[in-house]
Amino acid sequence: AGMCQAAPGDMVAQRDVADHARTISEKVSKVLAALQAGSRGTQACINAASTVSGIIGDLDTTIMFATAGTLHAENDEEKFADHRENILKTAKALVEDTKTLVAGAASSQEQLAVAAQNAVSTIVQLAEVVKFGAASLGSNNPEAQVMLINAVKDVASALGDLIQATKAASGKKINDPSMNHLKESAKVMVTNVTSLLKTVKAVEDEHTRGTRALEATIEAIAQEIRALHSVEVSRSMSSPEELVRCTKPITLATAKAVAAGNSCKQEDIIVAANMGRKAVSDMLTICKGNANNAEGEELRRRTLQAGQDVAMEYRELLQAV
């Protein structure tokens with residue numbers, strides 16, 4: 001380059017510079033390719049987690065339609081029985097994908113990438129077949145629809161956490177703390193898939209589905225409480241005013257739970273379970289946002305503790321129902 005500056009018209013010097021530039025470019029490309037190959041599994045986990053987040057958002061929207069009584073099947077003659085077997089089969093396939101994903105933490109980046117992609121592909125299918133199944137229950141059964149969609153949403157949420165845990169544990173030693181987090185995430189995943197299978201079997205039974213919704217909500221609240229102090233803390237922000245406003249749904253849900261306990265009717269229990277689940281989940285999300293916005297560590301700790309206390313008290317109330 002110095003020779004080119006000294007003699008701008010020297011064609012030989014210009015050719016040398018071009019050759020060196022090409023050589024450097026090729027070497028940089030090889031370095032980048034090696035880096036990408038070395039992190040292919042990690043990148044696949046990042047992409048997979050993003051996809052799962054989108055699925056959860058889509059399921060939240062579907063829950064809104066169901067709650068409003070506007071979730072209809074494409075064909076009026078559809079029955080839930082037409083979808084049950086497909087849901088069970090896909091859920092079991094996801095369990096196998098989950099085992100491979102957990103093993104992927106100790107495998108090569110290539111194997112981890114394939115495991116993450118397969119798990120995401122299966123959860124996409126599972127979410128779709130459950131949505132079809134929920135729609136087939138009919139818009140006159142909104143609470144049953146919400147219960148079923150909540151069950152698959154729990155599975156998707158657990159898979160998202162498991163993917164993050166697998167990414168963090170990838171390449172680590174067996175005694176690394178991230179391995180314990182991976183084991184715990186895998187247990188939650190199995191619990192939530194089992195819960196989905198139970199819900200699929202109970203959703204059509206008017207004599208048991210309220211109780212099943214209650215059991216699922218109690219477990220979901222327990223998982224939300226554990227996640228409140230997890231390493232993967234939400235970066236969302238919320239205001240104290242939002243925190244005050246979210247206490248009203250909690251109060252209404254509490255009244256519903258008490259009424260359901262008094263009536264002992266399955267339809268009252270399922271309404272209370274679905275309402276309480278949403279109220280507590282929203283409250284804990286807003287608590288996290290307030291904690292992230294807190295001016296000091298002490299205020300942050302007290303905010304999270306207050307949210308946890310409310311959630312635990314409400315969970316105990318449901319257990320008494």
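If you go along the chain as it appears here, the first residue is 1 and each next one adds 1.
Glycine residues also receive a Cβ, built from the backbone N, Cα and C atoms like all the rest.
Sequence annotations record features per position, and here TrEMBL assigns domain 'Vinculin-binding site-containing' to 1-40. What TrEMBL lists as domain 'Talin 1-like rod-segment' is 41-206. Residues or ranges marked as domain 'Talin IBS2B' in TrEMBL: 210-320.
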Residues in the domain 'Talin IBS2B' (210-320) grouped by DSSP into helix, strand and remaining coil: 94 helix, 0 strand, 17 coil
Arithmetic mean of per-residue pLDDT over the domain 'Talin 1-like rod-segment' (41-206): 92
